[in-house]
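Here's the structure we're looking at; comments come further down.
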Amino acid sequence: MSDTPDNAPKHCPGTASEQAGKAASCQGCPNQKLCASGAGKNPDPAIGEIGEKLSSVKHKILVLSGKGGVGKSTFSAQLARALASDGTKEVALLDVDICGPSIPRIMGLDGEQESSVHQSGNGWSPVYVEDNLAIMSIGFLLSSPDDAVIWRGPKKNGMIKQFLRDVDWGELDYLIVDTPPGTSDEHLSIVQYLSSTHVDGAVIITTPQEVSLQDVRKEIRFCQKVKLPIIGVVENMSSFVCPKCKNTSQIFPPTSGGAEKMCADLNLPLLGKLPLDPRIAQSCDEGRPFLREVPDSPAAEVYHTIVQSIRTYCSNRQTEPSTT
């Protein structure tokens, strides 16, 4: 898997590529001679440092989606809150959606800019929304929630490296990583930097329509190529349950069979089908815990089933011999 220096040009082939230092895009790059010598193919020392830093984290779960807007960050936040509802567990949520950090708003921390993250001898201190639920996002490092992050791949990768290596998470039972949509630099970086740790796997979020499933299949291929286990697929916005009459309507019809057929075809677990509920969007906008405020809603019931499946999966993985 390739890596790119922080000061690399836009189309850098990566230090591990056979074209390193030789490609047309390498002309004028300050790293050209080093890359051409082959020295850049040595493993990034940060991989070992991150492995040591995260050795006290029992379970690491990535939340992925092929397309934006399918509810990936919402799911990440609800998963983290649900896991932290067990007061005996220490949980953290890391937002690596560098250009679109929405976790601070969803978790009710939207006003926590700059001064909230403190530097100590052990690294950056995350922001705690509960005594046992820590959050880290680039949103905390911006002077305003409206500030745009206009970075090329290498700088985003460097930020992800810092989050994994320099944040003082302490001992954790679960680390949830909310990623940007697609299969881009950030995804390659997070998988590479976590390669020396035991990653439990990925939860992939989709909606029922084919335009979303098409991109999810790409996400599944990505996981298979980088040997990232897939915990399962969640179909979000699966249907709409009227809060008054309780009738169910399909807002996004599954014209090609939805996530259920896709999972059956690809032999993947379908963790659950989450219905649309306007109260979820409202609670995210207001930074309130949906599962705690509306515990008996159809969506909350499905969430609890999904979370229990993930707990069981992680528990079973913990009993298996480590392959890393």
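The backbone N, Cα and C atoms fix where each Cβ goes, glycine too.
The [4Fe-4S] cluster 1 binding site annotation in TrEMBL covers Cys12, Cys26, Cys29, Cys35. Taken from TrEMBL, the feature ATP binding site applies to Gly66, Lys67, Gly68, Gly69, Val70, Gly71, Lys72, Ser73. Marked as [4Fe-4S] cluster 2 binding site by TrEMBL: Cys242, Cys245. Per TrEMBL, the feature domain 'AAA+ ATPase' maps to 58-232.
In sequence order, Pro9, Cys12, Pro13, Gln19, Ala20, Gln32, Cys35, Ala36 make up the list of same-chain residues 6 or more apart from Cys26 ([4Fe-4S] cluster 1 binding site) whose Cβ falls under 8 Å from its Cβ. If you take the Cα of Gly69 (ATP binding site) and the Cα of Cys242 ([4Fe-4S] cluster 2 binding site), they are about 22 angstrom apart, rounded to a whole number. Distance noted between the C-alpha atoms of Cys29 ([4Fe-4S] cluster 1 binding site) and Cys242 ([4Fe-4S] cluster 2 binding site) is 58 Å. Residues Gly66, Lys67, Gly68, Gly69, Val70, Gly71, Lys72, Ser73 make up the record's ATP site, and a Cβ search at 8 Å around their centroid adds Ser65, Pro181, Ile205, Thr207, Ser212, Asn236 from the same chain. Regional average pLDDT for the domain 'AAA+ ATPase' (58-232) in the model is 92. On the backbone, the CA of Val70 (ATP binding site) and the CA of Cys245 ([4Fe-4S] cluster 2 binding site) stand 26 Å apart.
Calculated from their C-alpha atoms, the gap between Cys245 ([4Fe-4S] cluster 2 binding site) and Gly68 (ATP binding site) amounts to 31 Å. The binding-site residues examined here are Gly66, Gly68, Gly69, Gly71; by Cβ neighbour count within 10 Å, the least packed of them is Gly69. A C-beta separation below 8 Å, combined with a sequence spacing of at least six in one chain, links Ser73 (ATP binding site) to Asp95, Asp97, Ser102, Ile103, Ile106, Asp178. Put plainly, the binding-site residues Lys67, Lys72 were compared by Cβ crowding within 10 Å, and the winner is Lys72.
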